[in-house]
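**Q** Okay, handing you the structure first.
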Amino acid sequence: MRLLWDCLKPYKLPVFALLLFLIIQSACEILLPTLVADLINQGIQKADTDFIEKTGMNMLLAAITAMVCSLASGLISARISTRISADLRQQIFFKVQEFSSNEMDLFGVSSLITRTTNDITRIQTFLLYLLKMGILTPLMMLSGIIMAVFTSGKLSLVLIITLPVMSLVIAWILASMMGYYRSMQAQFDLLNLVLRENLTGIRVIRAFKQTRHEMERFQGVNGEYTRLSIHTQQLIGILMPAVTILMNITTIAVMFFGSRLVMNATMDVGSLVAYVQYITQILLSVMMTSMLFMMYPRLITSLTRIITVLETRSSIVDGSRSEARIHTGIVEFNHVSFTFPQAEEAVLKDVSFTAYPNQMTAIIGSTGSGKSTIAKLLLRFYDVTAGQILIDGVDIRDYTLHNLREKIGYVPQQAVLFSNTIAGNLRFGKKNASGEELLKAAGIAQATEFIQAKEAGLDTPIAQGGTNVSGGQKQRLAIARAVIKKPAVYLLDDSFSALDYKTDRAVRQALKSETKDAALIVIAQRISTIIQADRIVVLNEGEVADAGNHEELMERCGIYQEIFRSQFQQEGLL
Ligand SMILES: Nc1ncnc2c1ncn2[C@@H]1O[C@H](COP(=O)(O)OP(=O)(O)OP(=O)(O)O)[C@@H](O)[C@H]1O
């Protein structure tokens, strides 16, 4: 609840105005039964038409004032709750930007999406209700009790029995709902995950004829979510009739005892009518408050999920060093070991190598040997478990993350493009790059031809997920995006895999002349891609098996020879 309180702090003035409107509204509404009593006792029973007219006008005035205040408070509460939910969405979004891959793995993309959308909407709905009913109903209840006791102390004894019984029933039902809500939210994450996987992987699912299996998987998750929802709905279903029955019993009891008091002439008819209205207001307030409590368990679940994200600190601590000048880009892995947070075994063990500027350093190894992990560590998506990585002799943990990543031109294993134009995607590398710079970078990545073949050229839109360009085109655009940065270190993670051999060679040659002042680190599966590298680091099960140029490795490294032979025999290359 502290989070909500903190969120409300910037809205002190609107909250104050809201409070004022609600106080006036509740005062007007509580005034109405008193006016009704006067109308009956002094107007109708004494046949005083002047009094009836005057009181009628007062009642109309009170009703209109209450309505205006209700409208104003509704407007203010809607604005505050909407703004707060936008603030929270922004906080979560900004927080996630700070997360390392470790925290991303921990929460999962689906859960982060649900938290930013579903959970925040739930908080918004609660706030909307809280700001209006949460303030109004206690005011109505309190003033109703005061007026009821003031009108008839004896009749109010009925409330001493009814109110605690009602509170107990509500508390019991809400306590039972809490557990269900928690499970429902976790199940909703799962539902989101299955849906996401299905929508993004629909082609693979169809190609492998797994549609039926996926349908069954979805039905399973959806069924469990439905089961939990039905349970909570059943509890909600019990709550309302229970409260209504208690309300009706109370009204009957008041009428029963009240009519006796009227018959004994210890109470007048007008007061009894007013009393019934007070009781109705009190019990309605209890019911409204119970609605608030009904939303409370879900709110707590959602708030906890939001707070967990906001309070999670990134395991990557930002450094303080920021170097403005272009660096030489000497990259040194110094006895680096790394174990993924949830894993038991180290993925990299005592890895040491140096990549120099104006040289191509290649990393090769079988699948799963830890090649991409080297890239992730250099970019500080994760931090090393032991040893250190240096750029220009400085531990990368000492640089600010911004400065470190600015130095590196990264081309990921799976090229990711954004829904923007080709130019917009390339400018991810350099915000204010000119058209000429874009075309030059595209030229190095051998992307000019296909860009120019498009009618809109650089302004061609890229669809969501880059679905309107081929795998090879995507890779070339990703390379151009890195080239345009003119980084001190080029880091290409299996970035030629979708290119044909001719394009692969042309990109490598163009890159060689472009990367004169920079270190070029190429992670590859194909020997043909890295055969001309100045230094090839051979990884085997997370360890450096050997390092040297192609000829040296062919002479002395069994693993390299094995890779060479397998590719040569299979593909008839080289
Ligand atoms: N987030 C993660 N959590 C736990 N283990 C992981 C994670 N990511 C990768 N691994 C494991 O780390 C090992 C090395 O993975 P890495 O991606 O570096 O291999 P790779 O050599 O690049 O493989 P490939 O050539 O197939 O891309 C693998 O065994 C993989 O299962």
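Including glycine, each Cβ sits where the backbone N, Cα and C put it.
Automated prediction, rather than curation, is the source of TrEMBL annotations.
Model, not experiment: these values are computed from the prediction.
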**Q** May I ask you to indicate which of 278-296, 373-391 is given in TrEMBL as transmembrane segment?
**A** 278-296
**Q** Residues sitting near the transmembrane segment (278-296): Cβ under 8 Å, six or more positions beyond its termini, same chain?
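**A** Answer is 29-30, 33, 125-126, 129-130, 133-134, 136-138, 140-141, 144-145, 147-148, 151, 158-159, 162-163, 166-167, 170-171, 174, 177, 236, 239, 243-244, 246-247, 250-251, 254.
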**Q** Please give the sequence-distant neighbours of the transmembrane segment (59-80): residues at least 6 beyond its ends with Cβ less than 8 Å from one of its Cβ atoms.
**A** 8, 11, 14-15, 17-18, 21-22, 24-25, 28-29, 31-32, 35-36, 39, 127-128, 131-132, 136
